[in-house]
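What follows is a single structure, and I will ask about it in a moment.
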Amino acid sequence: MITSRLLVYVAVLVLCVIKVSSRDTFIAAVYEHAVKLPNATLVPVSHEEALAVMNQNLDLLEAAITSAANQGAHIIVTPEDGIYGWNFSRETIYPYLEDIPDPGVNWIPCNNPKRFGYTPVQERLSCLAKDNSIYVVANIGDKKPCNASDSQCPLDGRYQYNTDVVFDSQGKLVARYHKHNLFMGENQFNVPKKPEIVTFDTIFGRFGVFTCFDILFYDPAVTLVKDFHVDTIVFPTAWMNVLPHLSAIQFHSAWAMGMGVNFLASNIHHPSKRMTGSGIYAPDSPRAFHYDMKTKEGKLLLSQLDSYTHHPIVVNWTSYASGIKAFPTENQEFTGTAFFDEFTFLELTRVTGNYTVCQKKLCCHLSYKMSEKRTDEVYALGAFDGLHVVEGRYYLQICTLLKCKTAHVHTCGGAVETASTRFDMFSLSGTFGTQYVFPEVLLSETQLAPGEFQVSSDGRLFSMKPLSGPLLTVTLFGRIYEKDQTLKASSDPRSQVPGVMLLVIIPIVCSLSW
């Protein structure tokens with residue numbers, strides 16, 4: 001009897017400990033950082049000069065981290081390139097790099113800074129996490145020596161990686177991620193030999209890590225959610241906004257909803273390069289977001305999130321659209337270009353209506369009602385089903401309702417930032433050939449519409465009430481990863497030409513060297 005009671009007592013005690021040591025909610029912080037850039041140079045600076053630049057940025061990050069901790073935050077995410085900027089060649093970034101060990105070494109740099117050589121940046125980040133009892137996510141550069149025994153070893157005898165690091169609330173290094181999908185112009189870094197799947201567990205859920213351009217590809221982004229069941233993504237980024245479908249807050253919030261996870265996106269603040277847009281996004285709606293092209297200051301965001309995301313019901317993205325007939329119309333289809341992709345469009349000529357437009361295997365259906373039909377603004381329903389080939393190769397299926405740049409239909413698909421037309425109702429669906437579809441709603445002045453729309457299990461994106469502001473776009477952004485035929489960047493700098501970049505008309509997202 002005593003033994004039986006003791007076992008029951010122990011079992012109850014264990015359950016209590018588990019309950020006490022986990023949290024149902026947590027407070028997340030992201031910091032949009034106005035990075036201090038070093039002077040452009042064709043020759044490497046000294047380690048001391050590089051550290052001086054990095055410490056200027058770390059001073060600003062310290063203020064944000066301390067403020068977040070004082071407001072109760074459990075974790076803070078800071079941007080890609082936030083400690084030294086992006087204007088580098090392979091040689092000139094070298095003084096800014098540190099050797100970042102595998103987290104399995106069980107290391108608190110704040111307590112033992114010389115264990116892995118000279119690591120002042122890791123030491124300072126570790127101390128900021130430890131002194132403020134907060135998880136800190138940051139982006140720095142890693143260097144790894146290699147030799148002739150490695151057939152892929154670069155000629156300069158080292159690999160250089162765009163790297164995210166995570167320090168826990170004790171200052172311990174708990175995660176290291178080498179960015180896999182480098183964006184054009186990141187010639188200063190190597191591509192890891194295979195995608196790294198990086199997670200870390202906390203008392204407020206399981207987290208996954210990836211960086212900027214990674215979000216457009218299956219590995220590691222989708223794998224982290226589908227196979228490793230993370231609750232929250234931490235996402236350092238240097239994202240350049242591209243309308244109509246790839247502004248930062250628009251696409252990142254859509255990815256959170258489409259994948260059913262929390263998403264903590266920290267962007268650089270550099271309006272002259274269209275870099276702004278950070279947010280804390282839950283699966284059902286944005287919790288906090290920031291988009292500011294007018295000022296030069298950074299911004300700290302905080303919000304409470306559920307620790308363990310309950311993945312929403314599975315959406316059959318083609319169920320509704322494939323079960324209805326195409327809406328008849330007398331309007332003439334026309335083509336227009338959105339970020340180099342040729343869409344098939346139909347103009348919305350009435351204040352209310354139903355339209356269908358198709359391209360290849362994708363048919364998009366729209367029902368809508370405007371508050372009024374203005375003569376100075378034109379809206380169109382568009383479809384794109386094809387391989388995007390500019391600044392990356394990725395297969396897209398997109399259904400979009402968008403405002404055209406002018407009152408002439410030939411401008412449909414161009415970037416638009418303001419609108420005057422409000423919509424009382426919309427319902428958008430498509431015959432998608434993928435389960436990976438990301439729902440976007442973007443209002444005038446590049447603002448989100450939290451709580452004003454939702455997705456049904458049969459694949460409709462629809463409004464729940466009249467929108468609170470004039471509409472820029474309503475979009476279902478689909479990805480068919482297996483059709484990508486992605487051209488991987490070489491991990492061997494012998495195939496790279498330092499300082500030479502592919503030039504295109506419009507720079508898109510992530511970490512450019514100019």
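Yeah, the Cβs are placed from backbone N, Cα and C, and that goes for glycine too.
These came from Swiss-Prot, pasted as-is:
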type: ACT_SITE; residues: Glu80; note: active site, proton acceptor
type: ACT_SITE; residues: Lys179; note: active site, proton donor
type: ACT_SITE; residues: Cys212; note: active site, nucleophile
type: DOMAIN; residues: 40-307; note: domain 'CN hydrolase'
type: CARBOHYD; residues: Asn39; note: N-linked glycosylation site
type: CARBOHYD; residues: Asn87; note: N-linked glycosylation site
type: CARBOHYD; residues: Asn147; note: N-linked glycosylation site
type: CARBOHYD; residues: Asn316; note: N-linked glycosylation site
type: CARBOHYD; residues: Asn354; note: N-linked glycosylation site
type: LIPID; residues: Asp492; note: GPI-anchor amidated aspartate
Whole-number answer please: how many Å between the C-alpha atoms of Asn87 (N-linked glycosylation site) and Asn316 (N-linked glycosylation site)?
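Each residue's Cα considered, Asn87 (N-linked glycosylation site) and Asn316 (N-linked glycosylation site) end up 44 Å apart.
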Rounded to the nearest angstrom, how far is the Cα of Asn147 (N-linked glycosylation site) from the Cα of the residue listed as 'active site, proton acceptor'?
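Rounded to the nearest whole number, the Cα-Cα distance is 29 Å.
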List every residue in the same chain as Lys179 (active site, proton donor), at least 6 positions away in sequence, whose Cβ is under 8 Å from its Cβ.
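In sequence order, Tyr161, Asn162, Thr163, Asp164, Phe189, Pro192, Phe210, Thr211, Cys212, Phe213, Asp214 meet the Cβ cut-off.
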Sorted by position, what residues of the same chain at least six away from Asn147 (N-linked glycosylation site) have a C-beta under 8 A from it?
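Within the chain, Asn147 (N-linked glycosylation site) has Cβ neighbours under 8 Å at Cys153, Gly157.
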Between Asn316 (N-linked glycosylation site) and Asn39 (N-linked glycosylation site), what C-alpha distance do you get in Å?
51
Using the alpha carbons only, what distance in Å do you get between Asn39 (N-linked glycosylation site) and Asn354 (N-linked glycosylation site) once rounded?
55
Among Asn39, Asn354, the glycosylation sites in question, whose Cβ has the most other Cβ atoms within 10 Å in this structure?
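Buried the deepest by this measure is Asn354.
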Quick check: in three-state DSSP terms, what is Asn354 (N-linked glycosylation site)?
strand
